[in-house]
Amino acid sequence: MVLIRVLANLLILQLSYAQKSSELVIGGDECNINEHPFLVLVYYDDYQCGGTLLNEEWVLTAAHCNGKDMEIYLGVHSKKVPNKDVQRRVPKEKFFCDSSKTYTKWNKDIMLIRLDRPVRKSAHIAPLSLPSSPPSVGSVCRVMGWGTITSPQETYPDVPHCANINLLDYEVCRAAYAGLPATSRTLCAGILEGGKDSCVGDSGGPLICNGQFQGIVSWGGDPCAQPREPGVCTNVFDHLDWIKGIIAGNTDVTCPL
């Protein structure tokens, strides 16, 4: 009965979702159903985001995905025909880089969510490890999510789409977007010639480079996937001490400047 209620709620959310958000994968293909057991679907205030399961109690996503009445779904592939092992959770606690929950396009767009109860691992639910080494420019990266697959007109898929993009030099993003500082805790990821990118609805989801979880999708150009307008992601490696500290119960830990 509980599972039936969860699946019904997911279908209702799919039908009521207003197709508004901050980032979706352009130029990709349907993800393999078995390649994203760590990918979570976040609904809030009629918006949609992605996120990443770190362990049975914690999800990492973008700070700008914070909202009221958040619902977190795990084990999802098709939203219309859910897997039997889909699980629904809500936040027990949320943690931000500072108490004011402030962030900018180049700093602190990161949020840790402690779930209301532990997740049960299953065929379609498993955590993703934090990175063991820093990201390297030139890496091939995988981006994924249920975001729009067309831009500027928005077309939202039933299943997550995945695309391979490259980790670019930060100066490429500085040239594309006025106002970015000389240094930041972000990554620049995309295809120089355009055609592939995260987009509206993908925010908060993972950027996986050479097999390691290196970024959190944050923002990008509008329309998405334009030449020399890559996506910008929060650098996970730069925030490892904060992430590990919060999970360990040290709420006094601070984010890097």
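Every residue, even glycine, has its Cβ placed from backbone N, Cα and C.
Per Swiss-Prot, the residue from Cys173, Cys224, Cys233 that shares a disulphide bond with Cys199 is Cys224. Listed in sequence order, the residues of the same chain lying 6 or more apart from Cys188 (disulfide bond) and placing their CB within less than 8 Å of its CB are Leu167, Leu168, Asp169, Tyr170, Val172, Cys173, Pro230, Gly231, Val232. Closest to Cys97 (disulfide bond) by Cα-Cα distance, out of the recorded positions His64, Cys65, Asp109, is Asp109.
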